[in-house]
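A short write-up of the structure that comes next.
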């Protein structure tokens, strides 16, 4: 649908029309049309109707366009097929110049116009009507001939068409000669001007409108007419209030005649065209329709030129109307003007009567005369022929190939599908013309439509053939077999025959591919790729299942393998995780690929990241920021080419050169990032490049008015994300200073270089800047989302690795604890017998002196071995932060004497002088853990004796009166300095720090020469730091050797506390009947040692080999104290203790007696073992190898426990 002029709706109120006419008449004659009107088109773009406007300023290029808009109609139209060109005949353009094409014509010609002007208009109308009469006569003759041709056979049809064409040419020449009103020179000039305008508009139309976007006319198959009866007010559809819905109906009826005439041209090009007889009952309401072929276009153009020339002469004589004629609506006129309009109507009626006489149908003639009379009463000027008038109509919501006609009768039902549409006032029909739809497809949609249809048919046939071949195969489909075997977890294998058959099928499919259309080939390739991916997934699943079965067997065999290193566990975790991901997540990932897969932006970004980051010295913590820099550079490099092209085409060279310079600057930042590994320099270079380039471009595009400067807001964002808060503040101040310079320059009247015209800046630049900002933001957002996804993936992987490592560490710790507990128990058990028997031999009175010395040597060796075991246990406690410290009084001199007594034998063997020096300033009694201090001094003195071949080893203990910076003191504490000085081999200076690490020695060869495990100094350092002290070593300045020192803060003790310890430590014998003791021990040697130790203090004990024997003995007799071993056969000590407590609570022994005191006597010395002891109902705990004093203290505790229980029983009774 096309609207030639943007007519403003004329309301029924006459005041509005008068004011509009007055405003239009005040304009100039030559410019009133061009300034007020715009031409609107309905463009058809595939499935939608789009409005587009063309200013009437293009009309001003034509020299004869003043007052004549109808002349430029054909020049504005793009080349159309014959069915569209036939619309614009001489009747359409000539007769309607006074009816519907005037944009500023008034309803009353008397407003602001003289009577002379109206007379001129009447003359023009008469001339136009005469021309239309000639055309209608010729066209009606052609229609009758066309109807006769339809009844003849198809073989003679081509000859008839040629005769019809010759007749049309004769009619064109006759009508053009009769309708010409001007001289031959004027007509030739008009033709030349028409061709010039047509060429100008051809170039403009190709630039502004695509060739595919066609203008829909009423004959196009995809235009939907809305029913006029939707609204009784015709002003909604027409600009002229006097033209009602009848004009619409007449125009629609005329379209069918036009189609029938135009089909003759399509028959010449296509032999299989269908014909529709739509001539009957077409002119039932508004008279016979006019039909012109495409060959009449030249005649129409001549008639239009003549009419336009006449109209232009009228305008030059003083007519102020914007169009070539007035609307001639006499119903609303008054005075002389109204008389002139009535004359025009009479002339029109006469012309219509002449046209009706030329028609063959008398009934139609009577109907047309009646309709013309009604129109004359209403004041509308219509020709009897009712040509097709382009009018402004509301577009349809859903385009569909349909036409409307009022007559319900139709002869050719095989070509028409009638759909009744009921409206408020009358009924109308929608007729679908399938023939015209096919023609329109060939001419408008796609030239290769038939080729595609044939290709589709070939594809369907090929698919049917393949299905038949598949059905004839004797074996079942390999894919079905694969699915069945996958369900049974059996690997699938093709046979040789099946492989050959599959290869043959693939070759046939490849041959068929070459015959198919490329679009269809792409679809088939995509489907095959999907099938191949699914097959690969299935094969991988089968392979993974087989590998998992093998791995499970290997894992079952290697369950008991222990990992001594965390790296081994991490490697195992990575392998297991890859296998797990391939089993569970591989199918989902391939069926639903990630957003970043098959994405050009992300693939190119990953490629750049791999080039820059691989082999660089960038820290792992700064790789995320390095990726941000790469993302910004990638965004800049992707948009610089478009900016260069834009500025270069606009004629601005300097901004284009700056954009070119920005590319190597961005690339240089990436090179610096790769070589230096620092993120600071590349980020500053990138920010400087952006600021400099955007400042220059802003200067050449308007300065403070330029929208390019808005892009500088990205500079602080880049610096904030990469360099932090300080850098972002600095670059923010830089950007603000640039904005301020532009503003100040504008205040002082500085004229910026306006490289681009202001129109382009206002229209194109803003649009380009907005699109650039949006796309840059989008790319940065996508890159940032990629960073987040990568960070989440890495975090998830690290969390999983940490979880596995944590579990592995816990398992390793538990395994180590179990190992230590087991080894401690297994070592301490024989040590208990060894040290115990050596102690008994040493204390015996009947043993000779030599044998006593031998017993002492065995006892010392056992003590050394016990000390080594204790060191290992202490190490595990220190690493687990489970080491506890005692706070008991001790004498420092006694402690040093004990050390000298123990190590004197080793010193005498090497002829080394061992001495101890204790300062008198040290208090006699101190509070602290004497056992740990003794252990430290023993280790340091033993190392000095071991690495000294001759000379001396001296222990020096002194008080530091001044406050030491190494150790902080509290009130009542003293800094005690301990030094062990020797004349041995010494310690290198570079080894002073690492010598206190675990399993480290100053020289690795020392372990072979002197022995040792490397744990002594490490334990000493741990114990000193645990007691809030410091330890170190230095070489002797006056002699060979070195000095090990440590400082401890110790409190001063009292004499009362020391007396209590001495009283408790006295060796005294207990009465025989004071306590009854039972020893539960499965080792015979330990049984004898325990019995002999108890006999020394006057206690007789009985022995049980396991927990069941203990319960049997307790059923017969009550005992006050039980020394219970943990690990015993049949029933261990823990369960036996718990059973005893249950019996006591339930009174199963049927006697009233105090509860039994149970003392754990075991080689399990771990902290967890002690806790388990108390949880199972034991009262005390002694570790093996035990001493006599430990047994004495346990007996004393048992006596006190017995006394308390007896008192409680007496109170109850």
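Along the chain as shown, the residues are counted starting at 1.
For all residues, glycine too, the Cβ spot is worked out from N, Cα and C.
The stretch that Swiss-Prot tags with transmembrane segment, taken from the ranges 547-567, 568-588, 652-672, 799-819, is 652-672. Cross-referencing 705-725, 768-788, 831-851, 852-872 with Swiss-Prot places the feature transmembrane segment at 768-788. Your range for transmembrane segment, going by Swiss-Prot and the list 628-648, 880-900, 901-921, is 628-648. A separation of roughly 11 Å, to the nearest angstrom, links the Cα atoms of residue 1125 (4-aspartylphosphate) and residue 825 (phosphohistidine).
Within 10 Å of the C-beta atom of residue 1125 (4-aspartylphosphate) sit 27 other C-beta atoms, taking all shown protein chains into account. At the 8 Å Cβ threshold, with sequence separation of at least 6, the transmembrane segment (600-618) comes into contact with the transmembrane segment (676-696) through 3 or more pairs. Per-residue confidence over the domain 'Histidine kinase' (822-1052) averages 81 (mean pLDDT, predicted model). Less than 8 angstroms from the CB of residue 825 (phosphohistidine) sit 1127, 1162, 1163, 1164, each of them six or more residues away in the same chain. Residues 687, 691, 695, 698, 703-704, 709, 712-713, 715-716, 718-719 of the same chain sit 6 or more residues outside the transmembrane segment (729-749) yet have a Cβ under 8 Å from a Cβ within it. With a threshold of 8 Å between CB atoms, the same-chain residues lying at least 6 positions outside the transmembrane segment (676-696) that come near it are 616-619, 622, 625-626, 629, 632-633, 636, 654-655, 658-659, 661-662, 665-666, 668-670, 708-709, 711-712, 714-715, 718-719, 722-723, 727, 731, 734-735, 738. The DSSP secondary structure for residue 1125 (4-aspartylphosphate) is coil.
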